Amino acid sequence: MKETPKKVLVIGSGPIKIAEAAEFDYSGSQALKALKEEGIETVLVNSNVATVQTSKKFADKLYMLPVVWWAVEKVIEKERPDGIMIGFGGQTALNVSVDLHKKGVLQKYGVKVLGTQIDGIEKALSREKFRETMIENNLPVPPSLSARSEEEAIKNAKIVGYPVMVRVSFNLGGRGSMVAWTEEDLKKNIRRALSQSYIGEVLIEKYLYHWIELEYEVMRDKKGNSSVIACIENLDPMGVHTGESTVVAPCQTLDNLEYQNMRTYTIEVARSINLIGECNVQFALNPRGYEYYIIETNPRMSRSSALASKATGYPLAYVSAKLALGYELHEVINKVSGRTCACFEPSLDYIVTKIPRWDLSKFENVDQSLATEMMSVGEVMSIGRSFEESLQKAVRMLDIGEPGVVGGKIYEAKMSKVEALKYLKERRPYWFLYVAKAFKEGATIDEVYEVTGISKFFLNKIKGLVDFYETLKILKEIDEETLKLAKKLGFSDEQISKALNKSTQYVRKIRDQSNIIPVVKLIDTLAGEWPSVTNYMYLTYNGTEDDLEFSQGNKLLIVGAGGFRIGVSVEFDWSVVSLMEAASKYFDEVAVLNYNPETVSTDWDIARKLYFDEINVERVLDLIKKEKFRYVATFSGGQIGNSIAKELEENGVRLLGTSGSSVDIAENREKFSKLLDKLGISQPNWVSATSLEEIKKFVNEVGFPVLVRPSYVLSGSSMKIAYSEEELYEYVRRATEISPKYPVVISKYIENAIEAEVDGVSDGNRVLGITLEHVEEAGVHSGDATMSIPFRKLSENSVNKMRENVLSLARELNIKGPFNVQFVVKDNTPHIIELNLRASRSMPFSSKAKGINLINEAMKAIFNGLDFSEDYYEPPSKYWAVKSPQFSWSQLRGTYPFLGPEMKSTGEAASFGVTFYDALLKSWLSSIPNRIPNKNGIALVYGDKNLDYLKDTAVNLVKFGLTVYSISELPLQGIETIDKTKAEELVRAKKVETVVTDGYLKKFDYNIRRTAVDYNIPVILNGRLGYEVSKAFLDYDSLTFFEISEYGGGI
């Protein structure tokens, strides 16, 4: 090392959004650890309250502020760091850092960029500069021309020749990018593409239809030494965003010449941008010959590098941080192996498969086709010793109700070959399920290749699974050898039992009798070729012996959160990591079972033992058989653990904390409602939907609107408010499809009520609780609501009643551990709507707001009891904390933005303040694309709900300095109106600074809302929130920028 900075500022990525997720919690946490090892003081700016890194143990100073240049400048001014790390917070961090550089902030305060410099970042992320840099270095790129206007794009597309790929500079998740087959396609979408570029630039590139896409991950130090860490092969061809693609590592279809040529190009790309640290390089390969092009590079930690790190066992983020400090590769020890230096390139004796997870069914009008823009909200990673085993495991990990590639709902559906091929041509999510269906219905390899462009190598493997499964179906009994082969091909007990028309218990019994059990294998980055010490494992049937001996003692298995989806995100990983740390005081050994490559919990130095494998009853029982775990904890990882808790208990597994039977009562809407009646606790009127006659009778008694609520679901899946009979019957039909095993509950929807929650822990007798109040009225899903601590509008009387209700439930259900209760409060009377006997989505926020870790307290409650004398205790608040949702509307092509009882947000941000409005505005500004409107600009304010709030919002915005229009079809008293057509024109012309609306008005204002989000215009979808934010605008000059401890928060 040449020099060691005394204080380093690390820029986080802010709230989770599509294409920028928990991988930056993992990479940022590793960077902070690497800095701490050097004795360097660390300062972190990140508004993502749900992350592990925004805990005090990672950074010396934590600022929960918007990740924008002017807020970061305030931190630099106060903290005076001498170095800044910008490669661990995604595209958000890079954009902010380029702004800080261009505005002279870094130079003014003498802050040195550590790692790849700004000019290298601009060479990589400006499509024009990247193209020029590649050509200067004789590196192959596709025919292309850049453009900064609609006219230039149309002109250059004619030169390049259709079809063209439109790539967007300084951009996240391919937002705004597209394939244009004709000039008409280009004209229709180019304005949106330019709007989504941070610098207003696009690249018009020749579209390489059905070419293979590959990625290489490379490390490079200051001396130019390089190590290529991984080669990742996309199964989806060019034209599908790599974040949307199913991928495998190592590459399966390259010959040595192809592999080595692209490896050499990768090192040359890193050299051309003077990389210091890590980057990924993406290639297009012609499947019909030795022709390849370099597509792009990301000079930072990325989603791919997180995957590569977990796939290989090579700690990319940690090593990258060390290289940024000036170390050379040979000077850094790979802490996963504990034996080798960072210049050793990993060797794999297994196959990793990554599959994205989509939640598109939650969004109306969304384009379901996979394309150049990323729409998936999470991903899973499986490890196996054959492609078939790895792929089938990954399909189960998706938790979409499919038992593997074959044998599930799609495989057994009434669907012809023609229909299956049509779905494949449309590039629907989870295409491998439709490939299997097409083969089952008689399609050939060539027919499927023609519509998909997927390598025949992979198609043959999937066809082999179909053929094997169809053979299984004609057997009456299964012999030992066939069963062994089925397990090696990745078939679950459930799949095998379905094929044989037997029970899963029957299959498990035969396996036990024949000693057909999985073996535990280590991931050591070296394929066992070098002695190593590692705690990173997976299970496979393609092996004969375990790679380790199992210890005895008091051991705990923690079930992780699995792949992220709407409603399950990084907040549950925070709970898992918190539980790991808290449980280590009570157990000899704590192991984690999880399969999400993005997370901190699946990192090499967090868990004593990490099993990177499936989360289901079969796998947990396999692990208990080997490890003899005394307890299994299912309460920290969200819904996936709760959904298997009861079955685990029925199989003799001891659950840590609250019993599976109590969880079942809380999760089953009908059982829970009956319990509330028994305890005399108020709830909205309800009925179990066992027949349409009962539903009609109930609705005649209580009247519309009513809420349709399925059981055992997360994030309000298929939860809808029905205002008419037609809507009601449609929602009931959907709910029974989502949760067919359980009854649907219809309840009276209480209008104009306050929604509030209690996050807490109990020892079965006493409760530690934290009250959260929603800004939006009841009816907006809690995951999409803006939350305040302490409460503002609730009366003390209402809160005391809520506390009494919570205490009654805790004692009746013998709650031991964490829980969350949701209320609607009308006329000072609280009505319970939901109880979750697990860690909640809001628990990181409530814990950090009050300065008390609820998961730590949960462990105390379980083992020692809560250590206070009161029956119910709520810690005091020193200042204000507000949590805001992050939506990803712009990524979800075509969807209609609106709020309701089904969750739509992908992440959350929080901030602290000396007043409610101080905390609210910083929290709201932390979610993209929210910003302070430019004065003298235009705002649109309209809607059919919360009209008084909308009118007051308009008044506040006028005071702030905006010209405010309502819409003549939905006028607000005293506010100037324009017609809908004029409003649409203003939005398209980018003259509107913000849109505030309320209600479900799709037939009326679809174009206004959709165009606004496509053009990065802030949209507020609730009148009450609009009022509070507009009021906060008026106090913009009094925002505070303190470190979290000064607000009395943080843990």
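The backbone N, Cα and C atoms fix where each Cβ goes, and this holds for glycine too.
According to Swiss-Prot, the features are:
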type: REGION; residues: 1-399; note: region 'Carboxyphosphate synthetic domain'
type: BINDING; residues: Arg127, Arg167, Gly173, Gly174, Lys206, Leu208, Glu213, Gly239, Val240, His241, Gln282, Glu296; note: ATP 1 binding site
type: BINDING; residues: Glu296, Asn298; note: Mg(2+) 2 binding site
type: REGION; residues: 400-548; note: region 'Oligomerization domain'
type: REGION; residues: 549-930; note: region 'Carbamoyl phosphate synthetic domain'
type: DOMAIN; residues: 930-1051; note: domain 'MGS-like'
type: REGION; residues: 931-1051; note: region 'Allosteric domain'
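Sequence features annotated in Swiss-Prot and their locations in the structure.
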residue: Arg127; record: ATP 1 binding site; CB count, 10 Å: 26
residue: Gly173; record: ATP 1 binding site; CB count, 10 Å: 28
residue: Lys206; record: ATP 1 binding site; CB count, 10 Å: 17
residue: Glu213; record: ATP 1 binding site; CB count, 10 Å: 23
residue: Val240; record: ATP 1 binding site; CB count, 10 Å: 23
residue: Gln282; record: ATP 1 binding site; CB count, 10 Å: 21
residue: Glu296; record: Mg(2+) 2 binding site; CB count, 10 Å: 20
residue: Asn298; record: Mg(2+) 2 binding site; CB count, 10 Å: 22
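DSSP assigns Gly173 (ATP 1 binding site) to coil, not to a helix or a strand. Look at the region 'Oligomerization domain' (400-548): DSSP puts its residues at 77 helix, 10 strand, 62 coil. DSSP places the residues of the domain 'MGS-like' (930-1051) in helix, strand and coil in these numbers: 54 helix, 19 strand, 49 coil.
Among the binding-site residues Arg127, Gly173, Glu213, Gln282, the ones whose Cα sits within 10 Å of the Cα of Asn298 (Mg(2+) 2 binding site) are Gln282. Per-residue pLDDT, averaged over the region 'Allosteric domain' (931-1051), rounds to 97. When the Cα atoms are compared, Gly173 (ATP 1 binding site) and Glu296 (Mg(2+) 2 binding site) turn out to be 13 Å apart.
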